[in-house]
Amino acid sequence: MPRVVTAFLLVVALVLGGVLAFRAFAKPLGGTTVDARPLVPVEQLVADDGKPARLSDSNGQTRLVFFGFTRCPDVCPTTMGVLARAYEALNEQQRQQLKVVLITVDPQFDTPPQLRSYLDKFDKDFVGLTGAPSALEATRKGFYIYSVPSGPGAFTHGDAVAVLDRTGRMRRVYSQDEVSGGVLTADLPRLASGRY
């Protein structure tokens with residue numbers, strides 16, 4: 001009997017040691033942690049299928065939220081391309097737990113069909129949101145994202161990617177350097193699994 005107890009205690013010690021070692025040496029997530037964990041704005045927007053949508057309706061999924069516009073010549077298609085490649089590298093279960101959302105800063109041009117057509121070039125699972133200018137402005141402010149016209153059909157806007165948890169709270173923000181540098185891509189499997 002003492003051998004059984006000793007063996008059991010040894011197994012428990014090894015398991016606990018392994019867990020502690022993993023936690024001590026696991027690479028921390030990139031991005032910036034949002035300690036306050038604010039809830040996302042609840043403004044009613046319009047999805048790329050023409051139906052009403054709210055960011056607060058998470059369907060139990062982690063969401064990556066990016067603000068941009070379909071006529072953007074540089075950072076928007078680059079960001080969406082990085083997100084598409086990272087999303088495609090996930091396994092099926094992880095993809096089901098994650099939603100990539102593009103919210104337009106150009107509602108005059110980016111109609112639901114325009115958003116859908118644009119996003120289909122990256123991934124058919126991605127979702128585009130537009131809406132009334134006042135609702136989009138309130139949503140941007142909730143994410144601390146700026147957007148100002150910078151010429152005909154052009155905008156200067158914040159280019160970070162926000163991570164929303166499954167309860168609709170902002171948990172982490174990745175800068176454009178972290179997105180283009182592969183930090184978000186490396187973190188995506190853990191984020192999709194709900195580890196923020």
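Glycine residues also receive a Cβ, built from the backbone N, Cα and C atoms like all the rest.
TrEMBL labels come from automatic prediction, so no person has curated them.
The domain 'Thioredoxin' feature in TrEMBL is assigned to 34-196. Across the domain 'Thioredoxin' (34-196), mean pLDDT in this model comes to 96.
According to its DSSP assignment, C76 (disulfide bond) is helical. Its Cβ taken as reference, C76 (disulfide bond) is surrounded by 22 other Cβ atoms within 10 Å in the chains shown. The annotation disulfide bond is assigned in TrEMBL to C72-C76.
What TrEMBL lists as Cu cation binding site is C72, C76, H157.
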Apart from the site residues C72, C76, H157, the 8 Å Cβ neighbourhood of the Cu cation centroid comprises F67, G68, F69, D74, V75, T79, V105, F155, D159
